[in-house]
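See structure below.
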Amino acid sequence: MGWDLTVKMLAGNEFQVSLSSSMSVSELKAQITQKIGVHAFQQRLAVHPSGVALQDRVPLASQGLGPGSTVLLVVDKCDEPLSILVRNNKGRSSTYEVRLTQTVAHLKQQVSGLEGVQDDLFWLTFEGKPLEDQLPLGEYGLKPLSTVFMNLRLRGGGTEPGGRS
């Protein structure tokens, strides 16, 4: 069954999102991203008025939300730079200052400049997952001193994980 949830921001503005009881916080955050353009990793949600933080991957109904409910949205600007490590194919790690709102493509440009390898000749992975150029770094849960791996593309038409050439 579908219902509307009120999302209230600290500045006082409110908006509605359509949900179902089986939806999780991750799905709610995706709806909020579509509505106001704030990435999911920047969203902190809490039940109004209790202030209890919502748990990711838990159905909204299990957290006491239903028709007529309101959640508070706090947006983390993620302005502070953080240092991460990028390990190249020779096993050497270099430190990079990044912001979580930067895209993977921006980090690849930085790595390309330092490593002397064109950015279309490598891809980056974190915790075994390939990083998508168009996504912000914050979508991957990077923390200070996280290690990202640089993977060189093989000559001769090899493909990277995900089937891209």
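Backbone N, Cα and C define each Cβ position, glycine as well.
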Worksheet entry | Candidate ranges 32-37, 110-115, 152-157 [criterion: Swiss-Prot lists as motif 'LRLRGG'] | 152-157
Fill in: Spatial separation of R153 (site 'Interacts with activating enzyme') from C78 (S-nitrosocysteine) - C-alpha basis, Å
31
Worksheet, complete the sentence: Counted with DSSP (H/G/I as helix, E/B as strand, rest coil), the domain 'Ubiquitin-like 1' (2-78) has 18 helix, 29 strand, 30 coil
Response to the item:
Its residues classified by DSSP, the domain 'Ubiquitin-like 2' (79-157) shows 19 helix, 27 strand, 33 coil
